[in-house]
């Protein structure tokens, strides 16, 4: 069996960082990263991006050396991705924050609304219902992170957690302040508006969970297998007939329902910002599906049936 020699250069400076002798032809990029870590322990595998071209795309961990367009002496280029943190940790931090922050405003802890309102309770039913819905949403997300989601990437840059938490925590505090404020006024159309909004919220939450379960079943534990998602016997998954990312469709629907229920401007803005970001993600996933699968259903749109 002919062995390979692997030379690893800095992608920016072209400085030689490492030379690996007698690398097995069937070695994966993940295994090469582990070998590279030995002389450079500060760059653990999750921080490493190895590529064939200094400005090219990162090679996948599962790529096999002998199947790459290289000779028996391979040159790879290294980029430092920076300090990494696990996706599970990021999600738990992102979602636990809004749950806790919202409850501080709901229970009107001291120094928020003034001393005479400390630990008082709103007289409006919609305020209590909004707290239940908001708490349910984030408890659901926490449980899905622990028991449902299977991540294709184990880590993300540490710096992202500060940006993400600012978004989730900041909006949670902003909307909670107004919804739980002693001067809060109920929706214009009263109980009818609240009941309609609650129905939208519950349906979309069930739909979102159903899609997450369907996506989980597509990927066996410990695998990075990608398949085309199709509707199952669960009616909530039938949205796959029309959109590539129905989990985002249902997520946006949940927040629209919450905005209608509370008739609160910060909730509406949170919904709009979330929709904008999820549309970007959905378009990216839709493009990757089209590129990867030639038989991808042509009727599907990224996030909104027939439109977007």
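In case you wondered, yes, glycine gets a Cβ from its N, Cα and C as well.
Feature annotations, reproduced from TrEMBL:
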type	residues	note
DOMAIN	5-80	domain 'TECR-like N-terminal'
DOMAIN	155-308	domain '3-oxo-5-alpha-steroid 4-dehydrogenase C-terminal'
TRANSMEM	85-107	transmembrane segment
TRANSMEM	166-184	transmembrane segment
TRANSMEM	196-215	transmembrane segment
TRANSMEM	256-281	transmembrane segment
Same-chain residues near the transmembrane segment (85-107), Cβ under 8 Å, at least 6 residues beyond its ends: 119, 127, 131, 134-135, 138-139, 141-142, 145-146, 149, 151, 153-158, 160-161, 164-165, 168-169, 171-173, 175-177, 179-180
For the domain 'TECR-like N-terminal' (5-80), the number of residues DSSP places in helix, strand and coil: 15 helix, 28 strand, 33 coil
